[in-house]
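Trainee: According to Swiss-Prot, the protein has these features:
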type	residues	note
DOMAIN	50-326	domain 'Protein kinase'
BINDING	Ile56, Gly57, Asn58, Gly59, Gly60, Tyr61, Gly62, Gln63, Ile64, Lys79	ATP binding site
ACT_SITE	Asp173	active site, proton acceptor
Amino acid sequence: MNKSKEAETDITQIFPNLDILPKKFSAKELAERRIKKLHVAPGSIFMNRWSIEGVIGNGGYGQIFMVMDVKKNDERAMKIEPKLRAEVITKRMIMEQQVLMKMQGKTHIPTMYASGFNDQFNFIIMQLLSMNVGDFRKRSPLGRLSKETVGRIAYQTLNALKDIHDMGYVHRDVKPANICFGVHAQNRHILYLLDFGLVRRFKTESGVCIPWRINAGFKGTERYVSVRVHEKLEQTPWDDAFSVLYTAYELVVGELPWRYLEDIHEIHGVKKLMNEVTKNGEMFKDIASILVDFHKMILECDPVVELPYEKLLECLKCLYSPKSLLEPYDWEDGYKTTLNI
């Protein structure tokens, strides 16, 4: 994939009515979201290089800004994380920096242009991407995406995870909010996996599996983690694959069966019920039925054995065939494919 400046053509030059960039929050929206403190001020210049254009993301672990490289006149994204949280040094972004550095050059990993820290926060300057696929789903008139689009999202996500797993890491936080696409004509159909703050090694650089902890704790987002994570077992690539399943289910149906449950034990119970093949018919009815084979295939895998990636990818390819990865996604055709389901 050519990432040179000369090769980049703004996608809006080809699709002038296509709005795929993450939205910058207004002052009113920042107040409504109770964002009391911005660690850098819009309009300021960070490190004599990056002009702060506005806030495009905010979460429990930090903030994301759209920035302009004043030397190259290119838009980028800057992610920051306070160095201290509740008087404790935070290490989430330090891990993310390390993993991103090792993964540079992989198709589904965003380009990192700079990283470091000052006396207040750690930061990463990276490639500017589209809004996440969860937001694309919410924009759909039906609140869901077509099976052709979801199949290609799941296929590319699993490919991204294979690269990460091959490096000896499990992601542990696969979900729609961490999946985006490129914003240039050359990469608008390329999926990028984000947020490596929860990654953990499951094998050494030489390929030796790391011994499991007796109690691995709970890491991830409740809605998208596997049954094994609820049971505080050590996570493996198998658990990442289950998060792909839950992500695909939410995107194609519009919501997960446990969407309105708040008790983590109840969520665990519904997920266990879904895994009982003889009882999951109700949860895989209608459009969700397209995911039955993928679900069964993961269940047949041993969590301690390497995933049969090619077999799983072929299963996902059936969801979008005969379309290709390079054909328009739902948000490019005004969600016409979704409306024709």
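A Cβ is built for glycine as well, from the same backbone N, Cα and C atoms used for every other residue.
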Trainee: Mean pLDDT for the domain 'Protein kinase' (50-326), rounded to an integer?
Mentor: 93
Trainee: So, in DSSP terms, is Ile64 (ATP binding site) helix, strand, or coil?
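Mentor: Strand, per DSSP.
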Trainee: Looking only at C-alpha atoms, tell me how far Gly62 (ATP binding site) is from Asp173 (active site, proton acceptor), rounded to the nearest Å.
Mentor: 16
Trainee: Within 10 Å of the Cβ of the residue listed as 'active site, proton acceptor', how many other Cβ atoms can be counted across all chains shown?
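Mentor: Around the residue listed as 'active site, proton acceptor', other Cβ atoms within 10 Å: 21.
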Trainee: Quick check for the class: what is the C-alpha distance, in angstrom and rounded, between Ile56 (ATP binding site) and the residue listed as 'active site, proton acceptor'?
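Mentor: Pair distance, Cα basis, whole Å: 20 Å.
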Trainee: Count the other Cβ atoms sitting within 10 Å of the Cβ of Ile56 (ATP binding site), across every protein chain shown.
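Mentor: I get 19 for this one.
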Trainee: Where the residue listed as 'active site, proton acceptor' and Asn58 (ATP binding site) are concerned, what is their Cα separation in Å, rounded?
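Mentor: Asn58 (ATP binding site) has its Cα 17 Å from the Cα of the residue listed as 'active site, proton acceptor'.
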